[in-house]
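Features as listed in TrEMBL:
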type: REPEAT; residues: 89-123; note: repeat 'PPR'
type: REPEAT; residues: 190-224; note: repeat 'PPR'
type: REPEAT; residues: 291-325; note: repeat 'PPR'
type: REPEAT; residues: 326-360; note: repeat 'PPR'
type: REPEAT; residues: 361-391; note: repeat 'PPR'
type: REPEAT; residues: 392-426; note: repeat 'PPR'
type: REPEAT; residues: 493-527; note: repeat 'PPR'
type: REPEAT; residues: 594-628; note: repeat 'PPR'
type: DOMAIN; residues: 809-881; note: domain 'DYW'
């Protein structure tokens, strides 16, 4: 029997009797102290005596001393003793290497092994066992395989300790075949051998094989330890094998392991992950409640169920019983607050985080950032983020994802850029969030760069990144790349399909979206809310009510007709296709309506001229205390415009800020301009525009110009046109409106000048085109179309319709756009708009009055055609639905323009361009001028200075001196116009300096 406790008293008597201990005695005393029953202070006293006796370099004494220091975690002291030794034997090296490996200083152990090999010291099995363990801990599996080769060379491959270490190495690196082979070839196996392989198999998800080994272990009368049982339970939990886990629970009870902290946590985790929360709670109540890990597991369990009440009850009880929360407690309850939207409670938990000193903890802060970001409180999230003491990839990912979730894609990409500058590497979730941000603003080039980065980092087969890439390329309209990214996803899920469908739908590729939807159904994949939402949106964009009804039928069949999001897009579909009865029926049958539902119905009424119904619906919405948003007010203001409610429209506009705290956006200002313009109050509309607190955009000026055209006010129209030409010099609609304005006021020279300006700038107007579907065939018509097989019959019937319409008050006014000479030179039918031809063809081909005519046009329908269609509908007693694709897509077009603007800002952020006058060629006769300064000066310069390589322009005819300028003279001429804002001053420069450059 070893009486370690007697050593101190005997050693003291030895010193008192002046007996000088030799090296052997000192070594025995130190070995006796290794039993752990002697205080370490006594060991330090012995070390002092060893130094006093001059034995501090003797291997006999130093070897047990090193071992003692390492076992008590005084690693630096052990290293110092090792360095001071003059001679070292194999025991010294074994003690040092083994101690460093067990003290989490694995790299030092490996370097020491290399030094030992250089000195020619013969390694022992214990050295190899320690080095292999070190390689396993730091995941240096390649080096471990090399050491395995050395082990084979030295003949230690049958040693028990070495084999156990090798089994652990190959199990951890996922090479279960090698681990099993080494295990099967072992001559002798102990419980460590079994435990190691069982743990490795369990961690790799091989539940059946690990349980089989567990049974074999019992047959050989070897007892598993608590770590093995815990690993098996964790494996059962991850695979959802509850019945096997319950058998292990029975074994743990019989073996007396249930009180072990590790086993307790694993058992509770088993029941939680297998969704048996009732049993988990029962087990939790029967355990030692002072284990904070168990409380955390229960918090996670109720959090996964979304049961905030029980989660908070557990959290409160934990505090009542005096348990101190740790870094995993707060994230568990905070995640539940995030998932159920309980921000108030989350903020209370945040105050406790600060009080208990966990504010600097990176893990806790990452969850706090995620909570605030997902609830739109990005300022608070950013404040927490900026106060982090260390760079954590999860925190950066949370910030990026938060910005992306709130559609602040530029800010998300700025955070990503900052992250790259600091050298922080994102994981797959972070990269997926960044790619999603690129998709949000259609930053295709940046997205491609991050795609490349993800491949370099080894995430080419990652599902989340694959889905994000599909969304990126689809939203950017890259059909082939989107499909290629989709095909590369090995295990596609619903998100993969939905990303492709929604991406195509949002980028205007609606036909492609519907094709993918059809392929998804044919592939046997089950569509969900998001799938149907995207598919119906695509049908709505095409105003294809027939296909939309088919999808609606499938929605009803699969039981999604009560989903709010699905009903919202169905309302939009029927409203866009002119089927307001269908839209209203869906709206009334909805079990729950959100603000999007009301907005869709209000907008539908507004778009089809049912202004009073839209306003009434808005009043009903307010009575139900549903808070309107910006989109609601666009619909309401448009409704006021259609029914001529000027004062009501202005009152609603003021109530945006006064009653609901909404800051008006450009589209709201454009609606008020339209309200005033339709009422003929053009001067008041101009005053309103000039008093805007924000800079009027092109939409506002275009609305004003359109009103000036209708009411023949060329004075204000010229001002609006001037601003439009500055803002959108490439938009054909500006030139067309300007030309029409001059035409209706009889200013034919100015009309011709506007058309010539359009031609000189290379701006082309998209020809008006209308479609109508008849008997599953789509027929298209252009202005004055004579190419249709029934052209003669169509024009003949159209004449008859015109007479019948004229009999009830129709007066044609489109010919005001042409002067008498032009009208006399052309066939009158050449001016017939395409929508009239489409309607006429539909009336000829579809004789039944029960079938409504559905005509689509790529441009906005003019006032004359609008009035004509209304009267023809009365004459023939037929429902005629006109869908303006340009008008309907206006919102998406504006969104795309905004995305392009943001993408340009992003490019400027990364690659700032010099602020100089730059010429960018679009075609042989068209140049874009980018200069900091007045757009009026740019316009003036563009009229005077063509490129040197281009043929003479019409301006050169007015200024013949331009024809004789050399290249150098043109360069000087260009520089003369930089930084001049006043057009009249530019003209003075022209007269005073250009003429001086011309050779005499």
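Just so you know, glycine gets a Cβ as well, placed from its N, Cα and C.
Over the repeat 'PPR' (493-527), the average per-residue pLDDT in this prediction is 88.
For the repeat 'PPR' (190-224), DSSP puts the residue distribution at 26 helix, 0 strand, 9 coil. Panel annotation: around the repeat 'PPR' (392-426), residues 362-363, 365-367, 369-370, 372-374, 376, 378, 381-382, 385, 433-434, 436-438, 440-441, 443, 446, 457, 902, 905-906, 909-910 of the same chain, lying at least six beyond its termini, place a Cβ under 8 Å from a Cβ of the stretch. If you look at the repeat 'PPR' (190-224), the same-chain residues 6 or more away from its ends with a CB under 8 A from one of its CBs are 160, 163-164, 167-168, 170-172, 174, 176, 179-180, 183, 231-232, 234-236, 238-239, 241, 244, 255. Within its own chain, the repeat 'PPR' (594-628) is flanked in space by residues 564-565, 567-568, 571-572, 574-576, 578, 580, 583-584, 587, 634-636, 638-643, 645, 648, 660, 662, 887, which lie at least six positions past its ends and keep a Cβ under 8 Å from the stretch. Residue counts for the repeat 'PPR' (361-391) by DSSP state, with H, G and I taken as helix and E and B as strand, are 22 helix, 0 strand, 9 coil.
Residue counts of the repeat 'PPR' (493-527) by helix, strand and coil are 26 helix, 0 strand, 9 coil (DSSP-based).
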